[in-house]
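In what follows, a structure is listed as structure tokens, so that the remarks can point back to it.
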Amino acid sequence: MFIHEIENWSSFRWNAERLSDAIALTNRAIGYLVGRLSTIGFDSQMIATVEAVTHDVVASSEIEGVTLNTAEVRSSVARKLGVAVPDVKEPTHYIDGMVEMMLDAIMNYETPLTHDRLFGWHSALFPTGKSGFSDILVGSYRTEAMEVVSGTFGRERIHYRAPGPERVYDEMDKFLLWFNAPNIAPSLLKSAIAHFWFVCIHPFDDGNGRIARAISDMVLSQTDRSKLRFFSMSMQINKEKKAYYRMLEQAQRGNGDITEWLEWYLACLKRAIDESNGLLSGILNKAIFWKTHSGGIITERQRMILNIYLNGYEGKLTAKNWSKLAEVSLDTATRDVKDLVAKGILSPIQGRVRDVSYTLNYVESDTRVADFTDSVLINRDGNDYISSMYKKQKTVEERISPLDKMRFEQKEMSIDDLVYKYFAYLIG
């Protein structure tokens, strides 16, 4: 039996006591993130929003097996938000449609959610009227039965069977009445419930997951009362895709008690916010880097490759890697790198003779590294962090990349090098 076969199935139940700690923990994480963001300028906040929405769009599609070009998505998001970004790529109609849907949900969170608005989102997702090579009904609810299945032909496994098409409009009426009700305040729980409820109805031929995630993001924006988005729930769901589908299926086959789904959603949201703190630090460090070197004259190619590394590229900065990324000869790459060393933008890592690696110079002087004491590396939940006492007042932490952990273990980077790199936004 599936959940929608129960009488009054959408009168969901949950154990509020079991959820109270998770709600408090997640709200505290949001407060910490918002506090960090309040210390940076509006331009940096907009850049953070561009990155978060870009990750959201790319990941939400990837969950459904659709791979998008990240640079094209970033260009589309930035253009629609009026933010200048380097390396502009012309996006496809599909990418523009996906971005329009996501931005409408986030930016126009005060506008009621209606049948027509959902039809518009669906049309934006499928501008050609096709899903892959198959024709689908676009801009209206489905008229056929819907099953979520996996496995090869003849050995299919039914994970979920949605309500019949004759029920869809009435079910959506109930959902929208609840969603827009003035007495149902926006909250983290409402975001989780809306996500689950919409997926259970599965009202469209395709795109239900992507629209469900846009709806849950809309509730999060209502909760924050903010048109800026600084974390990506979809990116975290994509990382935990197996658990996501398992928890959905478990709740969809349940008796109406959705406590475990809500617990998982809140924990996933907390992890998404924790991830965004690392993203924010990268954005702040990148801003410090370009502020420091704003007077330097460099080529567009040099700027492009530097931005690739500043955006978190997991690879050593060597002339060999530079030549691959820039698609130029090794001689040209070597000249590019040596020019940046001469200008103080890069520094060679000491101790290497062949295949020299370089580091980015985020600030002109690292004398303020002395502000950081008791610096250590710690491992938590399988991730490595650098932890330091800043100005003898507070502990600061940043997650470091596996590459930098390896460099530290191989004595190519010192603890001060890691402080200089990951806390540049506090030094600069």
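Placement of Cβ uses the backbone N, Cα and C atoms for every residue, glycine included.
Keep in mind that what you see is a predicted model, and the values were worked out from it rather than measured.
Features of the protein shown, as given by TrEMBL:
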ACT_SITE  His202  active site
BINDING   Asp206, Gly207, Asn208, Gly209, Arg210, Ile211, Ala212, Arg213, Tyr244, Tyr245  ATP binding site
DOMAIN    113-267  domain 'Fido'
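Across all of the domain 'Fido' (113-267), the predicted model scores a mean pLDDT of 94. Contacts of Arg210 (ATP binding site) defined by a Cβ separation under 8 A and a same-chain sequence distance of 6+ are given as Ser60, Ser61, Ile63, Glu64, Met98, Met101, Leu125, in order along the sequence. There are 21 other CB atoms within 10 A of the CB of Ala212 (ATP binding site), with all protein chains counted. Comment: ATP site residues Asp206, Gly207, Asn208, Gly209, Arg210, Ile211, Ala212, Arg213, Tyr244, Tyr245; largest CA to CA distance 18 Å, whole number. In sequence order, Ile63, Ile237, Trp264, Cys268 are the residues near Tyr244 (ATP binding site), counting only same-chain partners six or more apart with C-beta under 8 A.
In the structure as shown, the Cβ atom of Asn208 (ATP binding site) sits within 10 Å of 21 other Cβ atoms. In the structure shown, the C-beta of His202 has more C-beta neighbours within 10 angstroms than that of any other entry among the recorded positions His202, Asp206.
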